[in-house]
Amino acid sequence: MIQTTFPDRAVMAELVAKMLWEIKAVHFNAAQPYKLASGMASPVYIDCRKLLSFPRIRSTVMDFAASTLLRDAGFEQFDCIAGGETAGIPFAALLADRLGLPMIYVRKQPKGHGRNAQIEGNMPEGSRVLVIEDLTTAGTSMFKFIDAVRAAGGIVDHGIALFFYDIFGQQRFTDGKVRLHHIATWRNMLAVAKAQKLFDDKTLEEVEAFLDAPLAWSGLNGGVSELSL
């Protein structure tokens, strides 16, 4: 099914934020912070995997992902979609179906030997591959999968995250020659939280303190205070 409608970016971002709140995918715990893939400590966590259990919401989010890519990257820019083990795999399958493309997945660790040891599925040499993750903060885990695809002979110029923390900008992606596409960010989540009063004042203050100075907050709460980008 090829996407043919292209909603406004702001509308998509707000709706995804509302849907994540609706399915209770937003978690807060400043006393026992969450540890992100980057090694950072965070008082908030978005469980995008919950989207899979809500078919209407899941379908809408994947429609938005397809619209975002077709509009911003183009209709004939990819030869296959790659999902990273584990969270990216189902979203890769859903997106590949919408775009009418083959799908592969990338293991966290090689299985066996050879340049394709981390790749499951058919990826011919020189394939233009889009890597998808459910969410990304600094790109740490996404680039592990991107590097594996490149090492196996694939070309990766684009990545997409359904949710992007957007607290460090995109320098890591610029340096890695990858254009990052995304649908919603933490600023969208906060806008909905404020409008619907989903956080009390103390919680809101803690979340904003983290978003304004994430590494400082992380360092004070058991996480890394600097990133190797």
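Glycine is no exception: its Cβ is also placed from the backbone N, Cα and C atoms.
Database features, via Swiss-Prot:
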BINDING   Arg107, Lys108, Lys111, His113, Glu133, Asp134, Leu135, Thr136, Thr137, Ala138, Gly139, Thr140, Ser141  5-phospho-alpha-D-ribose 1-diphosphate binding site
BINDING   Thr137  orotate binding site
| message | If I restrict to non-local contacts, at least six residues apart, and a C-beta distance under 8 angstroms, what lies near Glu133 (5-phospho-alpha-D-ribose 1-diphosphate binding site) in its own chain? | response | Gly83, Gly84, Ala87, Gly88, Phe91, Ser141, Met142, Phe145, Gly159, Ile160, Ala161, Leu162
| query | Sequence gap of 6 or more, C-beta under 8 Å: which same-chain residues meet both conditions with respect to Leu135 (5-phospho-alpha-D-ribose 1-diphosphate binding site)? | reply | Ile46, Cys48, Ala161, Leu162, Phe163, Phe164, Tyr165
| field | Fewest Cβ neighbours within 10 Å, where candidates are the binding-site residues Arg107, Lys111 | value | Lys111
| Among Arg107, Lys108, Lys111, His113, Glu133, Asp134, Leu135, Thr136, Thr137, Ala138, Gly139, Thr140, Ser141, listed as contacts of 5-phospho-alpha-D-ribose 1-diphosphate, what is the widest Cα spread in Å, to the nearest whole number? | 31
